[in-house]
Amino acid sequence: MKKNLKILVITGGVISGIGKGVTSASIARLFRYDFRVTPIKCDGYLNTDPGTINPVEHGEVFVLDDGGEVDMDFGHYERFLNLNAKSSWNITMGKIYKKILENERKGKYLGRTVQLIPHVTDEIKSTIFQIASSENSDMLIIEIGGTVGDMENILFIETVRQIRQEIGSGNISFIHLTYVPSPAGINEQKSKPTQQSVKTLNKAGIFPDLIIARSSQVLTDQIRKKVAMFCNVESTSIIDNVDVSTIYEIPISFYKQGVHEILSSKLNIKVDPKIEELSKLVGVIKSNFFVPKKIINIAICGKYAELDDSYASIRESLVHVAAHLDLLIKSTLIDSNDLNESCLKEFDGIIVPGGFGGKGYEGKIMAIKYARENNIPFLGICLGLQLAVIEFARNVCGILDADTEENLARDKPLKSPVIHLLPEQKGIKDKGATMRLGGYPVILKKNTIAFKLYGQDRIIERFRHRYEVNNDYIDLFAKNGLIVSGFSSDFKMAKLIEIPENKFFVACQFHPELITRIENPAKLFLGLIKACI
């Protein structure tokens, strides 16, 4: 680990879900050009990772190149920093306790009583410093999940307090993201929740150097002075984080408010954020948000419709495409359980994303059929590919009982498994981290839509699945107009399908939304929207 390692710690207060991940990524972006920045997310839940958590409860599961299933905030880290994160950077209390219990069984504590302090905090510290060492990091951005005062994150808070004592206060800075409400009918900002949140943090031995106020409007001078007085910070160290048309405005806003200068002064470093390229792209997004040159309406037909964060990366992919094509994309999440054709008539394109289980199958299949028959641009992702195959088998090839082995809701034995379990998955009982996960090569067939979009015959994409297209049916599909345009590197598994006769009917087994960048939008989303214009 470098002797001059710098650490920024981001905590949250008042309520959860106010954007710590975006805030952390935005601050990290200001330092990315001058420092080797490594983002770390600390989550207090006892799951080893979020891979088995319902997206409606915790947001989408983000899959990394190394196969790790991590918190959705890593999507923000990767997109803002243009890097490929590692699963070890997501520290969960489940991982920490598992390691401690394993060490205890191995006798590594030499008969001592294993306690929360020092053993748990020491293990967290060790993990953090190991990451810094292995990545040769100049700077760590440590986001502590949840809200200050939660029982789940107390030990993470204590750990970063101890780290300050070990590396010196000049090498670490604490940033607190809080919420300043303006209750309806009062029309006045309230600082008391922020004061209480900071006092809770103070009781744990942490005194923030920077307070970032999440609110609907810029803080009034009165509120700013009040927060400064009762939270022991300079008024210049209280930063506005107001509602914006796109999250990519936030690094620019922080830059204009001098966040990088405040933190650089505290840490005794110099930085040049180089914000120009991002500013140009954000300018395009903002101009189309207020006065759109063209509007494209996209339906996202998914089963996790209760929470927008379930499909966060898909929405971001569309934002990236919009910035490059100079237009506005309006995406609407439609519950696949309530789908009917009348719901889809107003849309220029349709996306059927991934998911698990049989719930909502038939609604998605109906949407796919509607897109195919009406030549509406369509993109299927993961399960979306599998259901596109089922729809084609049933309605074009005449295999009326075509289905997937995953659908356990059948009342009859499956005779035509056009989608079946991956051979490597047979016999696996555990659910966590047992799928085909991570980055794998895909070989593209020349003279196909996919090949034209990517401009090369070999790509790397990220996967998260247990089921695949049954090769026994591929020739039949091809005879009827659906071809395989992308294969696994051994040519044994179909990874991309398309219908050449349609304007854009493409489906992939991988998740292209996981590698999109605002500087370089995912190619399949780019192709989808171009077909909608």
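Cβ atoms here come from the backbone N, Cα and C positions, even for glycine.
Here the structure is a predicted model, which means the values were calculated and not measured.
Per Swiss-Prot, these features apply:
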- 1-269: region 'Amidoligase domain' (REGION)
- SER16, LYS190, SER191, LYS192, PRO193, THR194, GLN195, LYS226: UTP binding site (BINDING)
- GLY17, ILE18, GLY19, LYS20, GLY21, VAL22, ASP73: ATP binding site (BINDING)
- ASP73, GLU143: Mg(2+) binding site (BINDING)
- GLY355, LEU383, GLY384, LEU385, GLN386, GLU406, ARG466: L-glutamine binding site (BINDING)
- CYS382: active site, nucleophile (ACT_SITE)
- HIS511: active site (ACT_SITE)
- GLU513: active site (ACT_SITE)
Sparsest-packed among the binding-site residues, when each Cβ's other Cβ atoms within 10 Å are tallied, from GLN195, GLN386: GLN195
Across the region 'Amidoligase domain' (1-269), average pLDDT on the 0 to 100 scale: 93
Residues GLY355, LEU383, GLY384, LEU385, GLN386, GLU406, ARG466 binding L-glutamine per the record - widest CA separation, whole Å: 14
Cα distance (Å, whole number) from HIS511 (active site) to LEU383 (L-glutamine binding site): 10
Three-state secondary structure, which DSSP defines for LYS226 (UTP binding site): helix
Cα separation, ILE18 (ATP binding site) to PRO193 (UTP binding site) (Å, whole number): 14
Pairwise CA distance, LYS20 (ATP binding site) versus GLU143 (Mg(2+) binding site), rounded so that it is a whole Å: 7
Where GLN386 (L-glutamine binding site) falls in three-state DSSP terms: helix
From GLY21, GLY355, LEU385, GLN386, GLU406, HIS511: recorded positions whose CA lies within 10 A of LYS192 (UTP binding site): none
